[in-house]
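Here is the structure we will look at, set down as structure tokens.
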Amino acid sequence: MTTATQSSAPGVNVDQAEVEKFSALAARWWDPESEFKPLHAINPLRLGWIQETAGSLSGKRVLDVGCGGGILSESMAVAGAQVTGIDLAEKSLKIARLHGLESGVKVDYRAVPVEELATEQPGQYDVVTCMEMLEHVPDPASVVRACAALAKPGGWVFFSTLNRNPKSFLFAIVGAEYVLRLLPRGTHSYDSFIKPSELAASARQAGLEPTGMRGMEYNPITQVYSLSANTSVNYLMSTRK
């Protein structure tokens, strides 16, 4: 995997510029017409694929790594899971907690690095999700290892990120950020994109076995997202411990 170059402090796997970027947008997390519109649009697809793969979430302990404002966390809690969401952007967590109070959905939000949580709660979660997060940290392989450590034996770990190739640069950066303006400019750095083969290798090294992949595609004419077999740009990967 390629890695970002900035970290807030030695030993902390975080790019402070990324934290500040999402903190600045925190108040708009739950506005479906904001910069987070794509996340609202793809969330039913992500949740559906998780349930299709791992089965019912009812009563299961679930960890959402890089939860942001809680879009996926809340939907998994509504599906019956006992959800913990972690993120290092305090402003995003504040919005997540506030929205949880307003919606009556219970999620335990914590500002803690996933590596630190892995030492506190190893093998405690039936399902771990790490969506649209790996491309925003200096050492994605470290996050993969921590996610693996947090999962119970037989537990599921789900990742989603961006492939690294000319098409993904054209679609995810030029198209999404500059032409269609689906995302703010500077949301992504091409050097931080991760090929499926790289993610699969990191997963196996961490004791996870990849079990499936799906691509996510956007139709600019219908403005609809869908899951597909095309993993050339956005993709999801399921793994099992």
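Cβ atoms here come from the backbone N, Cα and C positions, even for glycine.
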ARG46, GLY66, ASP87 bind S-adenosyl-L-methionine per Swiss-Prot; candidate in MET131, MET213 listed for that same site: MET131
Where ARG46 (S-adenosyl-L-methionine binding site) falls in three-state DSSP terms: helix
Largest CA-to-CA spread of S-adenosyl-L-methionine binders ARG46, GLY66, ASP87, MET131, angstrom: 19
